[in-house]
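Positions annotated as domain 'Neurotransmitter-gated ion-channel ligand-binding' by TrEMBL: 29-234. The feature domain 'Neurotransmitter-gated ion-channel transmembrane' is assigned by TrEMBL to 242-327. According to TrEMBL, the feature signal peptide maps to 1-19. According to TrEMBL, the transmembrane segment annotation covers 236-255, 296-320, 411-434.
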Amino acid sequence: MSLLRSCLLVAAVGILGTATPHPRTPSLHRLTRQLLRQYHKDVRPVYNSAEATTVYLDLCVHAVLDVDVQNQKLKTSVWYQEVWNDKFLSWNSSLFDDIQELSLPLSAIWAPDIIINEFVDLERSPDLPYVYVNSSGTISNHKPIQVVSACSLQTYAFPFDIQNCSLTFHSILHTVEDIDLGFLRTKEDIENDKRSFLNDSEWQLLSVSSTYHILRNSAGNFAQIQFNVVIRRCPLAYVVSLLIPSIFLMLVDLGSFYLPPNCRARIIFKTNVLVGYTVFRVNMSDEVPRSTGCTSLIGVFFTVCMALLVLSLSKSILLIKFLHEERHSGQERPLLCLRGDPDVDESRLHLWAPSAETTESPVHQEHLVQSGSLQEVWLQLQSINNSLRTREQVYQKEVDWLAILYHFDQLLFRIYLAVLGLYTVTLCTLWALWSRI
């Protein structure tokens with residue numbers, strides 16, 4: 001009985017062993033091994049060498065990270081996509097459990113040598129080692145990159161400036177006969193796509209226009225696609241921290257023209273304003289972008305206002321100096337009148353001195369004393385008259401100089417007022433043009 005049970009157990013185990021199939025290789029593994037078995041990544045994937053491989057490009061600006069005006073560099077974060085067809089990587093999906101798409105290592109397949117012409121430096125770009133391939137052989141390569149590109153940045157209209165920087169993609173070795181370029185989306189879709197752009201930065205994205213052209217040179221004809229990234233600065237922070245305080249400072253300086261030109265308090269007031277200009281200029285230089293080839297309008301107007309301030313201050317200093325010298329020279333004769341004329345004293349002493357050779361009568365001596373007193377009085381009156389005439393001449397010169405300087409001061413005031421008005425109108429016009437774009 002026990003022998004029969006053992007035989008039945010062995011038979012059952014044998015039946016189960018023959019009924020259970022052996023596990024087979026997964027379809028994804030078999031497909032990957034079949035695609036890469038005889039694949040040569042160093043050869044352009046076409047059957048006919050005269051046929052060009054078309055690479056379709058797409059670009060989406062994610063953020064503007066930095067705008068370096070001094071070094072003329074733009075740092076952006078973009079989502080970049082390349083799509084091309086590899087005829088050696090197609091398969092029949094029905095033979096592999098309807099697998100329509102799979103990922104392959106980028107290092108194992110052929111990839112186009114597309115570069116950015118304005119490329120300066122590539123920073124912190126994540127390395128994505130895989131690409132997607134569908135059953136028809138279409139390869140899609142997505143890669144987010146942070147690219148530092150050269151750009152001609154203009155700060156003339158700061159802080160209402162609009163920058164236009166280009167990113168030109170082309171093959172570094174293959175001519176248009178080997179690699180051609182195309183747009184993955186329509187130009188309108190690329191230009192108006194702002195969904196992924198981060199608007200919490202200093203810059204706003206206006207548009208991303210694109211053009212296709214062929215570069216012709218001695219090495220051959222190369223296909224190029226140029227994306228023009230147009231951005232504009234958000235000016236509100238600079239209006240509050242720079243423009244409004246600068247206008248207030250100019251208005252204070254403009255009010256100093258109501259002080260008399262010969263007033264010493266005006267020199268003190270303008271000196272304090274000049275110190276304020278200097279401090280504000282130092283603070284402004286840290287916030288205003290500096291460029292060797294372009295100067296902002298704010299800097300130009302501010303320099304002109306400082307020049308007018310220095311000119312007005314110098315004019316007041318020279319006026320005070322001139323008036324002081326004229327008054328000092330005009331006060332010498334009155335003091336001379338008060339302390340006596342040495343010629344008069346000498347003549348008086350000469351009249352009173354007795355002659356050693358002759359002696360005169362008392363009547364004759366009294367007559368001489370009276371005539372000497374009258375002559376002394378007459379000389380004193382002439383001295384006073386000359387002093388008054390000198391004072392009148394000095395005063396007349398002061399009046400003439402003050403009249404000239406009043407006219408000059410009014411001219412400076414009008415120029416200053418015109419500069420301030422032009423400054424305000426220009427800023428308002430730039431702001432209006434900025435808001436319309």
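Placed from the backbone N, Cα and C atoms, the Cβ positions cover glycine too.
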Long-range Cβ contacts under 8 Å made by the transmembrane segment (296-320), restricted to residues 6 or more beyond its ends, are 155-158, 242-243, 246, 250, 253, 256-257, 261-262, 264, 266-267, 270-271, 273-274, 277, 281, 284, 288-289, 401-402, 405, 408-409, 412, 415-416, 419-420, 422-423, 426-427, 430
Per DSSP, the domain 'Neurotransmitter-gated ion-channel transmembrane' (242-327) contains 72 helix, 0 strand, 14 coil
The answer for the transmembrane segment (411-434), taking Cβ pairs under 8 Å and residues 6+ beyond its ends, is 157, 160, 162, 232, 235, 239, 243, 247, 250-251, 253-254, 257, 297, 301, 304-305, 308, 311-312, 315
